[in-house]
Ligand SMILES: *[C@@H]1O[C@H](CO)[C@@H](O)[C@H](O)[C@H]1NC(C)=O
Ligand SMILES: *[C@@H]1O[C@H](CO)[C@@H](O)[C@H](O)[C@H]1NC(C)=O
Ligand SMILES: *[C@@H]1O[C@H](CO)[C@@H](O)[C@H](O)[C@H]1NC(C)=O
């Protein structure tokens, strides 16, 4: 292998569907890509089939692969998250030089990406952890891409990534996210928000079905209408299509599907991170738990014959209620994204990331599952004010959420009266009401903690931490655990 020419702009390891589609997408955009897979026969098969007639080249060893890359070399991996990523990094390193770039385009958990960035930078290499969303179709024709890590790598990968990413009004859904694990973190939050969006839509479907007794077809018409306004989004659009889809016997297919939800874990990671950061990301939390509750179907079936609910019937104006549900959905969605950005802000503080909030909204605006018109409004808000403390403080969203409250409150209370669960919508409302209260009952809570545990509290008129002898018998030694 003496004279291998460096011909490729980028190399890609891992020829499963996502990897193949990204390679084809890069080729379409005029980049020369070198393909490698551990099972070398996959490379030949790919070159002889999907990649036939393109400029794509292949390699049969890691050494040959690295030699075919122009400098600084860009090695992108689309392999299974976890050990495989570390293994391939170890395999390519001997054939790379300082300044070369390794990109992980898989679904890595952000702490791994933080670690890898630090380790590789210490050795003189550059590392990019890039969230890629949009599934196989997105990878082929325009994904949403969320790169973070070694910032010096960005000018080198930017032309390729922005060329292959989805575009909205000519703007690529790909921008630099931030340092170390920021790209994979933002992708994780994206997935959490996706859980929330899906759960809210399911609640809208559920309450309209139960309260108004609508058919799947009628519900499909409602979603068709919603998709033309402020709720216009990919998930509303596919829900419309799903509700209209007929089984072989002509009945709605959706009604034949078992109601137990699966999950792969990124929603859970988001909630765990929210708990670690002390951020009230309640809506995504409820969305994850709603899937958990759905999964214990056998137990729910038994519960349904033991536990009864109200016999109340909906008596209001049906048309108005449909409108109210759209408002409940819209307001809950605003809350969920506000919570998501609160979490990212806190994680950024914790990890020293300088997050590009407007860029994040833009990256989610197209190409990915949560793409929507709404994200354009979020982008506008953060472009206008990059230092915006909370999405709810942006005048557009302050107004939008305020206008939606009446319908939102009506839907949540109807749900309670009729016995139809709305965990995401009602927890979002509880958050909203809590967030807009300057005073919450935590004064009593602090008193309780001081009473039984001598945890001390602060007075409104004095910041010092004090303990009260509540019973006239307790010790005066304050617990130090609170202050520790
Ligand atoms: C190789 O290709 C197969 C699919 O053809 C894929 O499942 C596998 O993950 C790839 N592995 C690597 C690490 O190259
Ligand atoms: C605040 O409380 C502490 C502890 O009880 C006390 O020593 C201090 O004088 C108080 N300060 C004021 C300004 O009241
Ligand atoms: C708590 O108050 C009671 C009643 O005034 C008193 O007898 C007791 O000594 C106090 N305890 C302490 C530790 O100050």
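Using N, Cα and C of the backbone, Cβ positions are placed for all residues, glycine too.
Summary of the site annotation: TrEMBL records substrate binding at 133, 134, 135, 190, 191, 195, 264, 291, 449, 455. Screening the candidates 107, 227, 390, 410 against this entry identifies 107 as the one listed for that site. Annotation: 18 carries the greatest number of neighbouring Cβ atoms among the binding-site residues 16, 18 [cut-off 10 Å, Cβ to Cβ]. Closest to residue 190 (substrate binding site) in space, going by CA atoms and restricting to the binding-site residues 16, 39, 107, is 107. Cα of residue 291 (substrate binding site) to Cα of residue 18 (NADP(+) binding site): a distance of 27 Å. Taking only the Cα positions, the spacing between residue 18 (NADP(+) binding site) and residue 134 (substrate binding site) is 10 angstrom.
Of the listed recorded positions, namely 80, 187, 190, 291, 455, the sparsest Cβ surroundings within 10 Å are found at 80.
Across the binding-site residues listed here (39, 134), the residue whose Cβ sits among the most other Cβ atoms within 10 Å is 134.
DSSP gives residue 194 (active site, proton donor) a helix state.
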